[in-house]
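Trainee: One structure coming up, written as structure tokens, with questions to follow.
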Amino acid sequence: MSRIMEFADAQDTSRVQDDSQESGIRDTDTEETSVKQAVVGDAPDGGLTAWLQVLCGHLIVFNVWGYINSYGIFESYYVATLNRSSSDIAWVGSLHIFFVYFLGSFSGRATDAGYIRTTLAVGLFLQLLGVFMTSLATSYWQLLLSQGVCQGIGDGLLFCPIVALMSTYFTTKRTIAISISACGAATGGLVFPAIAQTLLHRIGFAWTVRIMGFVLLFNAVVILLCVRQRLPPRKSGSLIELKAFTDLSYTLFAMGTFFCFWAVYYAYDYVRSIPS
């Protein structure tokens, strides 16, 4: 849940930074915002369409972080079957998580420009391609490219846009909406490790991963059917809002998050290998 709340807080801070720009730019932004407000109205803060976006958010977090949470099971399997060190295998999971966060800056801007469905469609395709190619992988480098790079890029195109999208549908109920979506990490963290733990030694690695891929595919269909962008596209604007880092509180928050994540994923990846 903390991952999504951090992204939402970062977006709110970025909006505050926009308000502190030069007066001419601020007046232009205000006029543009007023026009958009007149066109789309206030955030509905509820309703079928709004809650369907929350469902999409839950399923995307389910797909992204639920699968990542199962990596520890595969890590021990990779070490045993590929005859590589834990340090080598760790690069697979590390690249995966790196792309999830790194691509957020770019996928988030694409969402602002009105390409939410395209961004999610490409992300879901790469996510599924990476998973099913992982099921065919027989060497370390194949695994690194399929699960680490391909699936990681796909997940990076999914995570940030859905957080931004949900924020446009809610005001007073935003915390509830984001919390429900964040719970996808918990439900996915139960489902995918259970699938891997139960099936890995029964039907083998390839079909275990494919079954997980079919779960992702079902969720992907639901997401593409339900997702709707509410605000008109914002074509202009920088790719990365560097002025946000002039806010000391935001900069300290970003630094704290950076160092915090140094330790977060160690347990996910190595918890199964510690007892041995």
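These residue numbers are counts, starting from 1, taken along the chain as shown.
Here the Cβ of each residue, glycine as well, is placed from N, Cα and C on the backbone.
Residues or ranges marked as region 'Disordered' by TrEMBL: 1-32. The transmembrane segment annotation in TrEMBL covers 50-68, 88-108, 120-141, 153-170, 177-195, 207-227, 248-268. Annotation comment: TrEMBL describes 50-276 as domain 'Major facilitator superfamily (MFS) profile'.
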Trainee: Given a Cβ distance threshold of under 8 angstroms, which distant residues of the chain, six or more beyond its ends, lie next to the transmembrane segment (120-141)?
Mentor: 60, 63-64, 67, 78, 82, 84, 88-89, 107, 147, 149-158, 161-162, 205-207, 209-210, 212-213, 216-217, 220, 223-224, 227
Trainee: Need one number: mean pLDDT over the domain 'Major facilitator superfamily (MFS) profile' (50-276).
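Mentor: The answer is 88, the mean pLDDT of the model over that range.
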Trainee: Can you work out whether the transmembrane segment (153-170) touches the transmembrane segment (50-68), with the criterion being 3+ CB pairs under 8 Å where the paired residues are 6 or more apart along the chain?
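Mentor: By the criterion, they touch.
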Trainee: Which listed stretch (177-195, 207-227, 248-268) has the most C-beta pairs under 8 A with the transmembrane segment (88-108)?
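Mentor: By Cβ pairs under 8 Å, 248-268 leads among 177-195, 207-227, 248-268.
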